[in-house]
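The domain 'Agenet' feature in TrEMBL is assigned to 9-73, 75-135, 172-239, 242-298, 332-400, 403-459.
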């Protein structure tokens, strides 16, 4: 679906940036989600907490974001230089107060609220000249910094050139006490992950671990040796979702472990049928026994994409046959002129629904639709395009609620000419609410009349999902 949107800026997923925190320091971060259509001035990032103990994910205002400055290797500093020092896991602004031996400097950090300036010894490799990011460029520029470096007349006292080599990274990727998840390549256990705690590193990429859910007859946790390739950190906790969708990849809690599967059927009562390619079977689970599937790739957690979901589905002819039979059984034909709603799959608009009318049937489960709220680029006519039957559902009738919405109730919010699936997370006034959107991880405020009860079109009928 082609939808006009506002500029989202130059940031892209995976960009390395720096984020300014309340203490005034900048911390290295990675863009997880660039500014969206719903919130163009915010970017979703991941960065290390100020104590360095864990990774934090959250939205940051674009005014507190800047690119990482270019590297300036082997630069020497003089007394009085304004610098950024890598100190306490972030880049803090300071001033060079003295020059020491062994490529070290004394840096003073500005005290807050009348506090005395704090000083610390910082190695040259952890310093850079201070610059400000202003209107898309660095101030002073690289050329100005190069000139200032040539004009450096101060003679450092007792400073000698020292080449610093990075120490070889320790063999152990995990430390004692780390909570992890472990998988197995044994027959009957492939594709499952179990919670454990690292006991010690034994060398040769092997660890001794205690399983958190498996115990011996005397109640002592089961202890075993595991290969590093079978160990990963525990995935970060995500906010719970209101419901899972057909063909969505999930982790299901079964036999004390997490098993990767695909939603094959959406059942009544907040239950789902989940298909497992290993060992090729389908089981039913309550909503609370499922979690969003995440993949551990290149040292980062990635939420399973639609492409990954499709790949898992395509790997099983049996699952495809089951889904094909179910979809044909409940497939609805839409005559010309029928008022419908069409789902978007465009990045940033996934899961939103737009009012349309059926113009014609194109065969092969495709229709030509004309949107009732979206127009062409020149605004001269309503937008027309082809849409698959799986992206079309009947118009939802009598969905508006005459009573007040309750906390954690599922709703559709009218925004940007379409309906977006969300959940009430706070009742602000009698007829105003804060609504959370899981697809974009955003919260927005809505009036009562801009919301409707959320319902799912499943197997040819409208169903109100549970909380």
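Backbone N, Cα and C define each Cβ position, glycine as well.
Note that the structure is a prediction, hence the values are computed from the model and not measured.
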Original post:
How many of the residues that make up the domain 'Agenet' (242-298) does DSSP mark as helix, as strand and as coil?
Top reply: 3 helix, 36 strand, 18 coil
**OP:** Please list, for the domain 'Agenet' (172-239), how many residues fall into helix, strand and coil according to DSSP.
**Re:** 3 helix, 37 strand, 28 coil
Subject >> For the domain 'Agenet' (172-239), mean pLDDT (0 to 100) >> reply: 84
